[in-house]
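Taken from TrEMBL as is:
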| type | residues | note |
| --- | --- | --- |
| COMPBIAS | 262-288 | compositional bias 'Basic and acidic residues' |
| COMPBIAS | 316-326 | compositional bias 'Polar residues' |
| DOMAIN | 172-240 | domain 'Sphingomyelin synthase-like' |
| REGION | 250-326 | region 'Disordered' |
| TRANSMEM | 33-54 | transmembrane segment |
| TRANSMEM | 78-99 | transmembrane segment |
| TRANSMEM | 111-131 | transmembrane segment |
| TRANSMEM | 168-188 | transmembrane segment |
| TRANSMEM | 200-217 | transmembrane segment |
| TRANSMEM | 223-241 | transmembrane segment |
Amino acid sequence: MPIYIAREATKLWRKVSAETALELQLLFEKWRLLLAGIVFQYIHGLAARGVHYLHRPGPLLQDMGFMALPELGQDKGYLSETVFTSIFISFLLWSFHPFIYHSKRFYTVLLWRRVLAFLVASQFLRIITFYSTQLPGPNYHCREGSKLATLPPPNNVLEVLLINFPRGVLFGCGDLIFSSHMIFTLVFVRTYHKYGSRRLIKLFAWLMAVIQSLLIIASRKHYTVDVVVAWYTVNLVVFFVDKNLPEMPDRTSGSSLLPVSTKDKDDRTNEELHKPEKDSKMKDEFHKLLNGNTVDSTDRRQRLQMNGKHGEDINHTLSDATPNGT
């Protein structure tokens, strides 16, 4: 038993090491766009902090969602945050699963490059929207009588730039249309819907997005319009941005986007050089079979073995010999 565990641990370490080396190569090439997406997250937080200075509390607006859903109250406001945190952490862990599991369909660096592009486009529209018109916040700390509803003028620029993280993010007011929580939720769910492999989890993810929407309204953290606008805006943004981005390579075939060593690079070059010759031989053999011509008896025996039990044993041997799929 200890020998088996040690052997599996060695295989896992080799898998993680090879995947890390490959992802680092991609990161060194794509770091500019990734860094720009991360920096924009700060810009988005800065904009939300700025609109809080403009917020003025007032009577709650008439809202159909508030009429239909019972109010959870301040003591149960954590429910929507718990669901959102679960979605966020689950997606984060799933995006790094190619480092461990063999069923790898994407590169983590390229996946997050797309995700950040979706987030930036949606957040840019959100900043324009909530600065256009400031609505009285429905959240409890944004209502009349709360000390947090209106921020006093800043004493210096540094006070604005630091955005009072994380308290300033959790107790912000004025950044309503449309919901930032729904931006992240819908981007994550749509991304898994496209690149995930489990149908049941896809259905569950969409169900969680609906539950998240209802909890946000029931917690009075947003008006219903904030959630509704997020649903069609984010989906349209993801659709059009994804359509204009180059599609990520599918890794299920076991092919690698980047050679991890000089030997791999030379092997790939030789394979590409000999590919026309292989294709020509396969076409000739296919025409022989169509015309009823017999092929060599040695080739026939090899085919019979490959179609039977021996072929399966060979495939298992090859898969065990190359655990990384390359």
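Cβ coordinates come from backbone N, Cα and C, glycine included.
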Mean per-residue pLDDT computed across the domain 'Sphingomyelin synthase-like' (172-240): 96
Best-contacting stretch, by C-beta pairs under 8 Å, relative to the transmembrane segment (78-99) and drawn from 33-54, 111-131, 200-217: 200-217
DSSP-derived helix, strand and coil totals, residue by residue, for the domain 'Sphingomyelin synthase-like' (172-240): 53 helix, 0 strand, 16 coil
Positions whose Cβ lies under 8 angstroms from the transmembrane segment (33-54), at least six residues beyond its ends: 27, 109, 112-113, 116-117, 119-120, 123-124, 126-127, 130-131, 134, 151, 153-154, 160-161, 163-165, 168-169, 172-175, 180
Cβ-Cβ under 8 Å with the transmembrane segment (111-131): same-chain residues at least 6 beyond its ends: 30, 33-34, 36-38, 40-41, 44, 47-48, 51, 95, 174-178, 180, 183-184, 187-188, 190-191, 195, 229, 233-234, 237-238, 241-242, 245, 248
